[in-house]
Structures are given as C-alpha cells and as structure tokens.
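Listed in TrEMBL for this protein:
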type	residues	note
TRANSMEM	20-38	transmembrane segment
TRANSMEM	44-62	transmembrane segment
TRANSMEM	108-129	transmembrane segment
TRANSMEM	136-155	transmembrane segment
TRANSMEM	167-190	transmembrane segment
TRANSMEM	202-222	transmembrane segment
TRANSMEM	228-252	transmembrane segment
TRANSMEM	264-283	transmembrane segment
TRANSMEM	289-310	transmembrane segment
TRANSMEM	322-345	transmembrane segment
Amino acid sequence: MSQITQSLKNQRIKTFFCEWLNGFILVLLVSLASYYTASLPFMSKLHLSPLIIGVVLGILASPLFRQAQKTCDKAIVFSAKKLLRLGIILYGFNITLQSIVFVGFNGILLSLVVVVFILAIGYFIGVKLLKLDKEITILVSGGSAICGAAAVLALESSLKSEPYKGIIAVGTVVIFGLVGMFLYPLLYALGFIPLSLTQEGYYIGLTLHELANVVGAGGAIAQETQEIALIVKMIRVLLLVAVLLIIPYFFAESQEGGKRKLHIPWFAFWFLGVVLIHSLIALPTEIVFILRFLSGFFLVMAMSALGLQVDLKKFLEFGGKAFVLAFILFGILTFGGFFLVYYFIP
C-alpha cells in the first residue's frame with residue numbers, strides 16, 4: 001500500500017514539474033527570441049522593443065500552445081499574470097519624483113488633462129458610438145492615454161479581462177505609436193510643427209504611446225527634446241496608479257444583486273512604493289540596473305505569454321472597431337496635444 005501511495009505521489013510530483021517546466025520553457029524561448037529579434041539592425045532602427053516583438057512572436061507560436069495546452073497552461077497563465085505584476089512593480093525604478101518636478105506644474109497638469117480626457121472621450125466613442133466591448137474600449141483608451149502596452153497589461157490584469165482583449169489593445173497602441181514616432185520628426189523637419197525644441201519635447205511626451213516611441217521620436221529631433229519628452233512621459237506612467245485604482249471600480253462587471261466586482265490592484269501600491277524608494281534612497285547604480293533589466297524581462301515574458309493565449313478568431317472579430325477607436329484617439333492626441341503645448345508651454 002505504501003509503495004502504491006509513494007508511486008502516486010512521485011507521479012503527481014513529476015506531472016507538476018512537467019506542467020510548469022514545459023510552459024516556462026515555451027515562454028522563455030519566445031522571450032529570448034524577442035530580445036534577439038529586437039537586436040537586429042533593422043529592428044533597432046524601427047525602435048521596436050522586445051515587449052512588442054514578444055506579443056507578435058507569442059501570437060505566431062500560439063498554435064503550438066493550443067496543441068500542448070494541458071502541459072503548458074499553468075506556467076503561461078502565471079507568466080501573463082504574476083510576472084506581469086512583478087514587472088510593473090519593478091518598473092518604478094525608472095521613475096523619480098525629482099525628475100517629475102523638473103517639468104513644473106504645467107507639465108504635470110497637461111499630463112493629467114491628456115490622460116483624463118483620452119480615457120473619457122475614448123470610453124464615450126468606443127462604448128456609445130462604436131458599440132465596442134467595454135473592456136476592450138478601456139484597454140485601448142488606457143494604452144493610448146498612459147503608456148502603451150504596459151498600461152494595457154496592467155489594466156487587463158486589474159480588470160481580469162480575457163487575453164484576446166489585451167492583445168487587440170496592444171496591437172492598436174503598437175501601430176499608432178510607430179506611426180507617431182516616424183511622423184512627428186518628419187513633420188518637425190518639414191516645418192509643419194511650429195514648436196521650440198522644449199515644446200516639442202512636451203508634445204512628444206504628452207501624446208506618443210510607448211516609451212520606445214518617445215525615445216525614438218525625441219532622439220530624432222534633439223537631445224534636449226528627448227530628455228524633456230522622457231520626463232513628461234514618466235508623469236503619464238505614474239498616473240497609471242490612479243487609473244488602476246479608479247477604473248476597476250467604475251467599469252468592472254456587476255455581480256448578482258447589482259454589486260460590483262472590485263479587484264483592488266495591490267501591485268499599483270507596490271509600484272508607487274518602489275518609485276518613492278528610488279526617489280528617497282540612493283541605491284547602487286548596479287542594483288538599479290539589474291532591477292530595471294528584470295522589470296523589462298518579466299514584462300517581455302508576460303507579453304509573450306499573453307500572445308500565446310490569443311484566440312485569433314476573437315481577435316479578428318473584435319479588432320476592426322478597436323482600430324477605429326485607436327485611430328480617432330491618435331488624431332485627438334496629435335492635434336489636441338499640439339494646441340495644448342502651443343498655448344500653455346512657453
């Protein structure tokens with residue numbers, strides 16, 4: 001009897017490790033492939049981060065995951081949820097309160113205006129006019145308003161959305177973020193954007209989706225522009241904490257009896273705590289570098305895992321209206337952001 005019990009115990013242990021190991025190997029392979037692809041000269045010129053490439057490769061590898069779902073599911077879900085939150089928490093080591101003070105009250109106020117307005121108008125256009133799924137609308141609007149794919153992932157985790165909804169939203173912010181990254185420097189060089197280098201930095205930081213987009217567009221104009229754009233962008237990133245706390249309360253699906261399901265995103269508080277630690281305590285440069293790398297790597301693993309969970313049929317079914325919404329929001333950011341900077345930033 002004891003031999004049978006021991007045999008069953010060993011079998012369960014073997015099954016447990018196989019299920020987790022297979023999934024982690026798959027996610028790790030996709031993540032490493034993302035870093036390699038991003039390092040290629042052509043991709044480097046496009047400023048395509050491993051974060052974005054990870055979700056694309058994950059989608060391409062998703063048929064493999066479908067065939068081996070029983071042996072991979074646990075690790076992939078863990079990567080898409082838990083590693084995502086850990087990556088966002090550690091992302092706080094990219095931000096300090098001192099850098100935010102540098103851009104002054106106007107920069108902080110305009111960042112707040114952009115985030116609130118895009119979220120509000122995005123919800124109205126998506127849900128009321130386009131009749132788009134509420135959660136997809138929130139994810140697309142959040143990605144456009146705050147910090148691209150990272151915001152989509154954080155909101156997706158907080159809202160407990162289905163994976164395909166997050167992928168649709170990520171796709172929209174990637175496409176229009178890239179368009180803006182190439183369009184802004186071109187229009188500036190041609191003289192169509194009558195802003196100073198400082199104003200252009202505010203403009204880029206306030207309106208482009210991804211951090212990589214901000215780096216690419218700002219760097220193509222001037223170092224001064226890039227530095228200001230990055231600081232303004234980080235203010236928008238910091239506003240993610242407030243959005244994560246508010247959005248689930250107002251937009252989460254109602255439970256029976258009319259009560260709302262309120263998922264408190266505790267990782268948002270940890271993120272804010274990390275920002276405070278990084279601002280108040282002088283940590284060794286090497287430690288900060290390692291923590292920033294781990295943040296990026298965990299986020300790439302989360303994006304890869306998210307891509308592996310994609311249902312392409314649902315993606316194609318709901319993607320059209322989401323891209324229409326993202327296009328409209330991109331237009332609002334492009335033109336509205338210009339007038340805000342032109343009239344309120346000296």
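Our numbering is plain: 1 for the first residue shown, then up by one each step along the chain.
The backbone N, Cα and C atoms fix where each Cβ goes, glycine too.
Automatic prediction, not curation, is the source of TrEMBL annotations.
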Top Cβ-contact partner of the transmembrane segment (228-252) among 44-62, 136-155, 167-190 (pairs under 8 Å): 136-155
Stretch among 44-62, 136-155, 167-190, 289-310 sharing the most Cβ pairs under 8 Å with the transmembrane segment (108-129): 136-155
Chain residues outside the transmembrane segment (289-310) and at least six past its termini with a C-beta under 8 angstroms from it: 26-28, 30-31, 34-35, 50-52, 54-62, 65, 72, 76-77, 79-81, 83-84, 86-91, 93-94, 149-150, 153, 156, 163-164, 166-167, 170
Listed stretch, out of 44-62, 167-190, 322-345, that has the most CB pairs under 8 angstroms to the transmembrane segment (136-155): 167-190
Within-chain partners of the transmembrane segment (44-62) [C-beta distance under 8 Å, separation at least 6 from its ends]: 26, 30-31, 33-35, 37-38, 149-150, 167, 170, 174, 178, 181, 210-213, 215-216, 296, 299-301, 303-310, 312
